[in-house]
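**Q** Can you keep this structure in mind? I'll have questions shortly.
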Amino acid sequence: MENDIVLPVLNANGGKSEMKETDQLEKIIVIGVGGAGNNAVDYLYKQPGYMDNVGKSVSHYIFNTDENCLNNLQCENKLVLGKNLLKGKGAGANINVGRNATVEAIQEITEIVSGTDLVFITAGMGGGTGTLGSSIVAEAAKNAGAIVVSLVTLPFKYENRMREAYYGIKNLYRHSDSLIMIDNQKIVDFYPDYEYTRGLDEANKILSNAISGVIKIIRNPTTINTDFEDLKTILNNGGKSQILYRSLEGEGLDSITEDPEGTIDYIYKEVTTSPLITSSNIEQATAFLILLECSSHFTQRIMDQFVSRFSRVKDQEVESFDELLEDLDSLDDDKIESIQNNGPQVIFAYNKLPDNEDNTPRLNITIVATGMGSHSNKENAQPIAQTASSYQTPTPVASSKPSTKSSVESNDGLAIKPNNGAKVLGETQVAPAAEKTPAAPAANTASNDLLASLSSLDEATMQQFLAAIKAAQQGSAPATEEYRSPALPESSNLFVTPTTEEKAEPQNKLSFSDDDLDIDE
Ligand SMILES: Nc1nc2c(ncn2[C@@H]2O[C@H](COP(=O)(O)OP(=O)(O)OP(=O)(O)O)[C@@H](O)[C@H]2O)c(=O)[nH]1
């Protein structure tokens, strides 16, 4: 489990190499739970250069009930969930089966997460294993004292698995410091003509960029440095948040010298434009962690103008140092206290990228932004313990696939309402996407509702959303193309960071009892 390495990291500024001893590094692990989670971790693992650089100092794990799936992937650390219950077979799209299988492996999971500082957990919501398995892993990691960043996909509409996804997200959110969601349906909408697995890989790319971007912020020595404590500061800011990653090169940046303003507009739009982001406005963020890696074309002035967009310096009355420092004798604490930091906090890291032979400007940007929105539904949110009593009369578990093992179901006190449709995940079943004109995102799509109200997924809200989803499925909701936008940037993901009081208290024992999992009919 220990990564027994010394990490050589190339600092592109002057080509200087810096060494960090393993025992000085925070322990970071990335865990993929279930098929989608496994694929995302494997995608990250195979990214060119990743394992030669920051990935070297991180442990990667894939957990799954399906042993075959594990065996087909490269990632070296594999854990079979529910060996006794399922004998290496999948959870059959039954989230209770997946939950029980994960609970069976809890000792191994606890051992893996023990002593970790930062745990990334990735899973596909809607399937049998990852939906609840991920929240059990997250809880174990939280109990081990780690910062937990969870990254999940929401199911395609045609799968009819939103109910299961809600259960998964609700539980995962409780045990995560940040939750990033990627709507698979939007991947379909933005890449209608992509071959199916290539489309899935676009989501995997977003997940993997988010993870590697954050690891880079912590691990890579930069000219202006950031580290794990900076990440903690930003995540502790609370509120909804986002992680954005963008890599730009060439055309759009060509006019950086002649038209810096215009180019900065372009970069800002590229970084922040996303259908998900429009439902949680980055302009409202109150804290940013920004890593810019750029070629020499990006001067002091350009950096100043670009970062000022995020810290909103233009909108503020920024006091000059000169006046305050004129008379140092009178600079008492009261005077200092009266100084207002009006805009968002910005923790900034910079690294110079070596210039290309053809001198093309290039730029990599990773941004963690927090504090968006007011969590207006927070006061309505019911603690899970309070809602648990409504699960006293469970009905038999319904699954769209036959259960792999009936004894697993009958052991289980949980019940989930059946979906109207079957889980269909397969290349042959994807409807060919029609040519559509991109349009502005609609405010009331099912997934935007989910994103907007995540902080208060109480029963009433859930019922309301289920009704909205049902309406959407019956055709009364806006058509798919209404939340299309011209391009799906790599930054199309959303973080949700619970405020301190919303986070589950650290517990001595895991709370994956039936009641705590909060699943009813
Ligand atoms: N973006 C993306 N989504 C995926 C991928 N594989 C599966 N999904 C989505 O994730 C959901 C859950 O699928 P899996 O992760 O395979 O399911 P599981 O958690 O392993 O559960 P079982 O197969 O029932 O054991 C699916 O319904 C899809 O929406 C993938 O490679 N990329």
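Keep in mind that glycine also has a Cβ here, set from the backbone N, Cα and C atoms.
Values in this document were obtained by computation on a predicted structure and should not be read as measured data.
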**Q** May I ask you to find which of Asn84, Asn204, Asn209 TrEMBL records for the GTP site already listed with Gly35, Ala36, Gly37, Asn38, Asn39, Gly128, Thr129, Gly130, Glu159, Arg161?
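**A** The candidate from Asn84, Asn204, Asn209 that TrEMBL ties to GTP along with Gly35, Ala36, Gly37, Asn38, Asn39, Gly128, Thr129, Gly130, Glu159, Arg161 is Asn204.
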**Q** The domain 'Tubulin/FtsZ GTPase' (27-222): mean pLDDT?
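**A** Taking every residue in the domain 'Tubulin/FtsZ GTPase' (27-222) and averaging pLDDT yields 93.
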**Q** Give the residue from the binding-site residues Gly35, Gly37 that has the most other Cβ atoms within 10 Å of its Cβ, counting over every protein chain displayed.
**A** Gly37
**Q** Compute all pairwise C-alpha distances among Gly35, Ala36, Gly37, Asn38, Asn39, Gly128, Thr129, Gly130, Glu159, Arg161, Asn204, the residues listed as binding GTP, and give the largest one in whole angstrom.
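**A** Spelled out: the longest distance between any two Cα atoms in Gly35, Ala36, Gly37, Asn38, Asn39, Gly128, Thr129, Gly130, Glu159, Arg161, Asn204 is 20 Å.
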**Q** With the cut-off set at 10 Å between Cβ atoms, which of these binding-site residues ends up with the most neighbours? Options: Asn39, Thr129, Asn204.
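**A** For the binding-site residues Asn39, Thr129, Asn204, the Cβ with the most other Cβ atoms within 10 Å is Thr129.
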**Q** Specify the secondary structure state of Gly37 (GTP binding site) as given by DSSP, simplified to three classes.
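**A** For Gly37 (GTP binding site) - judged by DSSP and reduced to three states - the answer is helix.
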